[in-house]
Amino acid sequence: MGLGEASARGTSMEGDCLSCIKYLMFVFNFLIFLGGSFLLGVGVWVVVDPTGFREIVAANPLLFTGVYIILAMGGMLFLLGFLGCCGAIRENKCLLLFFFMLILIIFLAELAAAILAFIFREHLTREYFTKELKKHYQGYNNTDVFTSTWNAIMNTFDCCGVNSPEDFEESIFRIINPSEMVPEACCRRNNHVGESGFSNREECLSGSMLYRNNKGCYSAVVDYFEMYIYVAGALAIVVLTIELFAMVFAMCLFRGIQ
C-alpha cells in the first residue's frame, strides 16, 4: 500500500468522522430546540390560561417572575438549538463559534443556578412562604387570590401554615380575627359529622391540637410532589449533559472544518 493510498484512506476516515460529528451535533441541538419549544409552550400557557391560574401567578411576585424566567430560558434554548442545527448542517465556523460561546454562558449560568438552588432550597423557600403567609393571608376573604389559594392548599393537603399552625402567630390573620388561633381551613374534617364536615370547629379555632391539622403545608406539598421534584432534577441533569455534548461536538466540528 502506497503513501498516497494511505493518505487518501486517512482523509476518507477523517471525513467520515467529521460527518458523524456533524449529524450527532444536529441531533443534540434538535433536542435542545425541542426543549426550548416545550418551555416556551408552558410559559405561554400559564400567561394566557383562562382557567384562573394566570391570576394566581400574577398575585405572587415570585411565581410571576418565575414564569418570565421560563419564557426567557425557553426562548434562549429555542434560538440556541436553531443556531446549532444551522451551524452543523451548513458547516459555518462563525455560527459554530457563536453557538459554542452562547451555550457555554448558558451552561455555566444553569449550573450555578442549580447549585445555589440545591444549597439554599429549604431555608429560603420556607422563610419566604412563612413571611408571605404572615403578611398577606386573611382567612375568610375568598375574593383575595392569595388567601383563597392558601385555603385550597390547606383543605387539599390537610395541613396548616407553612411549617405548623404556629405560623399564624403575629400574622395579619390574627389581627383581623383576634379570637381565632388558626383559620377554619386548618380544622380537621369528618364528612360523617354534621353538614359542615368539621370534627369540632369551635375547639379547633380556639387552638385545640386534637381538632386541627398540625402538619405544615411545606412538608405536605413536598412529600406529595417528591417524585416530580426528582424527575425535574433528573431532567435538569439530562439538559446539562446534552448541552455539554453539544459544546464538545461544536468545537470538534469547528476544528475539523477547513
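Keep in mind that glycine also has a Cβ here, set from the backbone N, Cα and C atoms.
Annotation comment: Swiss-Prot describes 1-25 (among others) as topological domain 'Cytoplasmic', evidence class a curator's inference.
For 26-46 (among others), the entry in Swiss-Prot reads transmembrane segment, with the evidence type sequence analysis.
Among the features that Swiss-Prot reports, topological domain 'Extracellular' is placed at 47-61 (among others).
Annotation comment: Swiss-Prot describes 62-82 (among others) as transmembrane segment.
Per DSSP, the secondary structure of the topological domain 'Cytoplasmic' (83-94) breaks down as 10 helix, 0 strand, 2 coil. Taken from Swiss-Prot, the feature topological domain 'Cytoplasmic' covers 83-94 (among others), and the record attributes it to a curator's inference.
Within its own chain, the transmembrane segment (95-115) is flanked in space by residues 76-77, 80, 83-84, 86-88, 236, 239-240, 243-244, 246-247, 250-251, 253-254, 257, which lie at least six positions past its ends and keep a Cβ under 8 Å from the stretch. The transmembrane segment feature in Swiss-Prot is assigned to 95-115 (among others).
Computed over the topological domain 'Extracellular' (116-228), the whole-number mean pLDDT of the model equals 84. Annotated topological domain 'Extracellular' per Swiss-Prot: 116-228 (among others), in sequence order, evidence recorded as a curator's inference.
Swiss-Prot lists Asn141 with the feature N-linked glycosylation site, giving sequence analysis as the kind of evidence. When secondary structure is read from DSSP and collapsed to three states, Asn141 (N-linked glycosylation site) falls in the coil class. Taking a C-beta cut-off of under 8 Å and a sequence gap of six or more, Asn141 (N-linked glycosylation site) has these contacts in its own chain: Thr147, Ser148.
The transmembrane segment feature in Swiss-Prot is assigned to 229-249 (among others). Long-range Cβ contacts of the transmembrane segment (229-249) within its own chain (Cβ-Cβ under 8 Å, at least 6 residues beyond either end) map to 21, 24-25, 28-29, 31-32, 35, 84, 88, 100, 103-104, 106-107, 110-111, 114, 222.
Per Swiss-Prot, the feature topological domain 'Cytoplasmic' maps to 250-258 (among others). Shown for the topological domain 'Cytoplasmic' (250-258): DSSP residue counts in helix, strand and coil, namely 7 helix, 0 strand, 2 coil.
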